[in-house]
Ligand code: NAD
Ligand code: ZN
């Protein structure tokens, strides 16, 4: 019975360490398009690698800067949805919760989640392409690519195609997966590595795996429970049921 909410709730109630891994699907109901969906209008003529790689930045920094400026504004213009809020609420209903996200949009933080492990970086901060010096938030107005005091150009702190994930963040995420009693995989296609490895790591050491996604993914066959549907529907339902159990 893979759609068994009661079994999922029983494991969540008994769990000490809960790990939540989120992907683009958790922000879909906020209106954030996936990378490919966003390649419309002005941007339709580019392939993702032409906008999101170190080579693209070297070739045309202003174009890449403008693309991220536009994506960042999109993120600022939308609000966290019921799924983000439910994850924040879940933090108070279990002894330990680690939130790992592949999203760069900052919506978990805006919903009140603290200490998000951002595997793919954040669109809201910049750093130097040459010397790595953190540059904080974007300049206002966004304008031309800012120049670092080393003479290098500033870039968004996003993990681009061909780049490694931040090693310290990945190590913390792996540590959390190794200690998880329950892992929730929410709104991720489970195709992008190494993030997609984390639920396997958790499962191997005995974690109970819950997947929330309207579509089956490569992870579904090993998930203990697959809650088929929207994150914004299932996560508030889980939180409501857990709170009710707490009060009972
Ligand atoms: P993905 O786009 O590959 O997959 C999204 C998954 O979410 C799919 O399996 C889809 O079925 C599911 N989904 C769609 N709507 C949903 C909903 N309402 N509720 C629950 N699930 C839903 O995303 P990914 O697995 O995160 O990997 C893609 C890469 O793109 C990542 O590297 C990520 O960093 C990046 N990305 C980030 C953002 C963001 O920050 N919001 C947006 C697009 C892409
Ligand atoms: Zn520099």
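Counting begins at 1 with the first residue displayed.
Just so it is clear, glycine is given a Cβ too, placed from its N, Cα and C backbone atoms.
Feature list (source: TrEMBL):
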DOMAIN    1-245  domain 'Deacetylase sirtuin-type'
BINDING   68, 71  substrate binding site
BINDING   102, 103, 104, 105, 187, 188, 189, 213, 214, 215, 231  NAD(+) binding site
ACT_SITE  120  active site, proton acceptor
BINDING   128, 131, 148, 150  Zn(2+) binding site
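Everything TrEMBL records as a feature, shown here on the structure.
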residue	record	Cβ within 10 Å
71	substrate binding site	22
102	NAD(+) binding site	23
104	NAD(+) binding site	25
120	active site, proton acceptor	20
128	Zn(2+) binding site	19
148	Zn(2+) binding site	18
150	Zn(2+) binding site	12
189	NAD(+) binding site	16
214	NAD(+) binding site	14
231	NAD(+) binding site	27
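For residue 68 (substrate binding site), the same-chain residues 6+ apart in sequence whose C-beta sits under 8 angstroms from its C-beta are 123, 156, 158. Considering only the residues assigned to NAD(+) binding, 102, 103, 104, 105, 187, 188, 189, 213, 214, 215, 231, the longest pairwise Cα distance works out to 22 Å. Candidate binding-site residues: 68, 71, 189, 231. Not one of them has a Cβ under 6 Å from ligand 2. Residue 104 (NAD(+) binding site) carries neither a helix nor a strand DSSP state and counts as coil. Taking a Cβ distance under 6 Å to any atom of ligand 1 as the criterion, the binding-site residues 68, 71, 128, 131, 148, 150 reduce to none.
The Zn(2+) site, placed at the center of the C-beta atoms of 128, 131, 148, 150, has further neighbours from the same chain whose C-beta lies within 8 angstroms: 129, 130, 132, 133, 149, 151, 152, 154.
Comparing CA positions across the recorded positions 71, 120, 128, 131, 150, the one lying closest to residue 104 (NAD(+) binding site) turns out to be 120. The subset of binding-site residues (102, 148, 150, 214, 231) lying with their Cα within 10 Å of the Cα of residue 120 (active site, proton acceptor) consists of 102, given in sequence order.
Across the structure, residue 128 (Zn(2+) binding site) and residue 71 (substrate binding site) place their CA atoms 19 angstrom apart. Under the three-state DSSP scheme, residue 231 (NAD(+) binding site) falls in the helix class.
Within 10 Å of its Cβ, the residue among the binding-site residues 131, 187 with the fewest other Cβ atoms is 131.
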